[in-house]
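Annotated features, as they stand in Swiss-Prot:
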type: REPEAT; residues: 16-111; note: repeat 'Solcar 1'
type: TRANSMEM; residues: 22-42; note: transmembrane segment
type: TRANSMEM; residues: 89-109; note: transmembrane segment
type: REPEAT; residues: 120-208; note: repeat 'Solcar 2'
type: TRANSMEM; residues: 126-146; note: transmembrane segment
type: TRANSMEM; residues: 184-204; note: transmembrane segment
type: REPEAT; residues: 215-304; note: repeat 'Solcar 3'
type: TRANSMEM; residues: 221-241; note: transmembrane segment
type: TRANSMEM; residues: 281-301; note: transmembrane segment
Amino acid sequence: MPTQMEVEYWRRRYQRMNYERFAAANVIALITHAATQPLDMVRIRSQMLQEGKTFSGLGYQKGWYPFQIMEEIYAAGGGLRKFYSAFDTFFFRTVCYTTARVTAFGYFYDKVNKDPRRVARPDFLVAAGVLGGFIAGVVTNPIDIVYNRMQVDELYPQAARRNYSNTIQGLAKVAEEGALFRGAGANGFKLAAICSSMTNIYDWCKENSYFFFGPHWINRLWGTAVAVAIGTVVSMPFDMIRTRLHTMRPLPNGQMPYNGMIDCFNKIIKYECNSKWMSNFGSFYAGGEAYFLRLFLICYLSQFLVDYYNENYYDQEFWQPQRFHYQSGIDYDIHDPYTDAFNKKLVATYTTATGGMGAAHPSGKENLAII
């Protein structure tokens with residue numbers, strides 16, 4: 001049985017937010033979000049163009065295609081910078097979102113997973129994802145409102161635009177409206193759906209395909225694709241509602257078009273998903289292609305960036321399970337439990353006062369006996 005000190009060591013390394021995880025997660029998020037931000041612009045503008053229209057199709061409003069919207073945004077002038085609205089808001093939103101999501105999920109995952117050396121049960125992962133994702137969505141709602149409004153501002157007539165110039169001004173204007181947490185529930189449920197659905201599905205797909213393909217790149221590819229597809233299906237209705245609540249403006253009579261998340265959902269069902277007008281539930285998935293593609297690219301690219309980070313800037317595991325070989329299967333007889341990282345650390349710390357690997361042991365006191 002591991003000592004309490006060893007358990008705490010693994011908890012700090014894998015289940016809790018720390019400076020190293022904060023820096024790595026945000027750098028990776030900034031890279032992947034910057035590369036895929038044009039797709040996010042297409043997604044939210046597709047959702048805005050869908051409002052008030054009947055729907056006939058699968059994943060996009062008939063007549064509005066993602067690449068057509070992207071071409072129109074680029075042709076309007078401003079170059080690629082047009083897709084990022086304001087760099088300070090993009091940076092602030094990405095850092096806040098990433099930090100809140102990783103911290104909240106890690107906090108609840110640390111509570112439910114008592115043995116940090118192993119992955120938690122699927123139901124525990126779902127619970128941690130729902131709680132952590134919902135809290136992260138509520139906390140980051142103010143900055144999301146500002147950023148979403150800046151992305152769709154050009155769709156309005158000149159006189160009706162909000163014209164936020166930066167993050168601080170946008171937050172101040174939203175605060176004056178009393179709308180900092182408008183749509184926070186939908187935003188929380190969106191992140192809860194993403195965090196709770198994708199991790200389990202990805203692990204299940206990758207683990208089961210390993211028995212057919214072995215250690216092959218196809219495991220990561222198809223596992224990510226399936227997880228992102230399910231994450232898109234369960235989270236995008238909340239994303240649509242969130243967008244409507246974030247960007248809505250008063251009607252001529254002074255009232256808001258939606259009174260909350262439930263009211264928004266009911267009105268979309270009644271006016272945009274009614275089969276009497278050849279419509280369907282796909283109205284909630286306007287911009288779905290851009291949403292899926294962006295989420296897939298973020299997840300897939302992040303895994304390679306994590307690999308690069310682990311290989312160059314992170315101490316590797318000192319112990320490894322049995323390796324799988326195509327010719328002979330698992331090497332029960334010739335298994336060497338110590339990794340190359342262990343051997344490098346052994347050489348680097350061989351002359352320390354504690355002797356050998358003593359300083360590298362999780363307890364910091366016990367020496368490892370090499371036989």
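Yeah, the Cβs are placed from backbone N, Cα and C, and that goes for glycine too.
Since the structure is predicted, the reported quantities are computational estimates derived from the model, not experimental observations.
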* Asked: What is the average pLDDT across the repeat 'Solcar 2' (120-208)?
  -> 89
* Could you pull out which residues elsewhere in the chain have a CB under 8 Å from any CB of the transmembrane segment (22-42), counting only those six or more residues past its ends? => 66, 69-70, 73, 80, 83-85, 90-91, 94-95, 97-99, 102, 151, 287, 290-291, 293-294, 297-298, 301-302, 305-306, 309, 313-314
* Counting by DSSP, what is the helix, strand and coil composition of the repeat 'Solcar 1' (16-111)? -> 73 helix, 0 strand, 23 coil
* Tell me the residue counts in helix, strand and coil for the repeat 'Solcar 3' (215-304), as DSSP assigns them. => 68 helix, 0 strand, 22 coil
